[in-house]
């Protein structure tokens, strides 16, 4: 009898503990209110919302974590077509006429723990249904935005929406008719929200997601990138910004009923938090810091005294020109690792700088060298032009149009140098030299200004990058660096113009001066140097003196007769 009593007590305790565990793993949501959720190890959390108003036709649940995948499911055990796994996951549930409670299930695919935030948003029968005309992804109705990224571009894809319908009603057909009474009247808007630069913290992400969760918040806080109709593709590319947090949102609108709904926002840092190589915590390589620190110091020197020390300027400009071209070629043609490519680029840059200096030293063609400097300034100016919203105009997504316009702007700048070579050279020293200081700062802290030239480099290296939208955020650090760039550039130009106003336009070539001096000595017989043996004759004479044996002098005084 005591054994039976103890056995009964154990059963009751286990039943109570199981009920307590179920309560602990059950999270009650309120419509439109964010809720913190923690998924335990090897556990499942049930998300429940009740007391749903009768005018609500469907609900969306969205759940976001910092970088860990979670699985949202309609069923306790996730099934294909009834669940989705992502860092930013969402589900849409249509309601039956009398339904007042809905529940979903959350777990991690690998059984680990995870923490994040979730919110449930209600929509009425007049609101568009995001992803209701899905024909590509496993879910029957898929309100998610699917994101992929690489070094060059970030791609987002989403399923088309359908017009709204009431509880228990049959959904309108998606592709039977294209009239204004079908889903083809819907329009879509794509938005970007940039997180604070260099901030990879979870708290920053959570507060940002709360600002873009629903339609009104997206409109108030995000930047509209584009609008499209139901006839356009629902796949887009953006320039990848490693280390810069970006949240993408899509709003679908019904212009007839003047209603709208939001897809599940998705975020990315264009880097991995779990990778031990090239992860988010390892964005600033030591080799990159060393390379651009040296470049920045050289650029600062060129900015203020480049024209005065003309040979040093030519070496630096030749280094930059050759290094850029060689890096593009070696990246396209070889699979070498980044550090090896950077070392070879630096080596070839030195060779290019020496060649440029020697070409001026040997031939004395100032205009040829200055035109190369002008091309570098033209490249930077053209890159700045396409860094603005002008670069996102659809016509410039065509490679032929882009490169023709880019080359025309780039080639126009050296024409200015032909008419005013000294002033043009000094302006190039100030603008380009100051920009290298910005690049040096970017090696230590994130700044969007590096993408002025980096976007052009990406377009050279990746043929698909032409379709990407290249908008980047300008935040406090960027405005500080723009001010620094302008101040350094103007200061360097003014200082060099003032110092060089009483000097000759360009220093003469040493080789040309030596040739002129040699010709002068040959024709001027009054010049004592005219009677000197040539350099080769003097060298041969000296060699004979060192190698021939000296004869004895003998008697040197006259004999007395």
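Placement of Cβ uses the backbone N, Cα and C atoms for every residue, glycine included.
TrEMBL lists 1-21 with the feature signal peptide.
Marked as transmembrane segment by TrEMBL: 290-307 (among others). Long-range contacts of the transmembrane segment (290-307) within the same chain: residues 313, 316-317, 319-320, 342, 346, 422, 425-426, 429-430, 432-437, 439-443, 488-489, 491-492, 495-496, 499-500, each at least 6 residues beyond the stretch ends and with a Cβ under 8 Å from a Cβ of the stretch.
Look at TrEMBL and you will find 293-497 tagged as domain 'TM7S3/TM198-like'.
Marked as transmembrane segment by TrEMBL: 314-334 (among others).
Per TrEMBL, the feature transmembrane segment maps to 340-361 (among others). Sequence-distant contacts of the transmembrane segment (340-361) (same chain, six or more residues past either end, CB-CB distance under 8 Å): 287-288, 291, 310-311, 314-323, 326-327, 330-331, 334, 368-369, 372, 509-511.
The transmembrane segment annotation in TrEMBL covers 368-388 (among others). For the transmembrane segment (368-388), same-chain residues at least 6 beyond its ends with a Cβ under 8 Å from one of its own Cβ atoms are 313-314, 317-318, 320-321, 356, 359-360, 396, 402, 406-407, 409-414, 416-418, 421, 424-425, 427-428, 431-432, 435, 451-453, 455-456, 470, 472.
What TrEMBL lists as transmembrane segment is 400-418 (among others).
The transmembrane segment annotation in TrEMBL covers 425-446 (among others).
Annotation comment: TrEMBL describes 479-498 (among others) as transmembrane segment. Below 8 angstroms of C-beta separation, residues 300, 303-308, 423, 426-427, 429-431, 433-435, 437-438, 441, 447, 449 of the same chain, each at least six residues beyond the ends of the transmembrane segment (479-498), sit close to that stretch.
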**Prompt:** Looking only at residues six or more beyond either end of the transmembrane segment (425-446), which have a C-beta under 8 A from one in the stretch?
**Reply:** 197-198, 243-244, 284, 288-289, 291-293, 295-304, 306-307, 313, 317, 320, 370, 373-374, 376-377, 380, 417, 452, 477, 481, 484-486, 488-493, 496-497, 500
**Complete:** Averaged over the domain 'TM7S3/TM198-like' (293-497), the pLDDT of the predicted model comes to 86
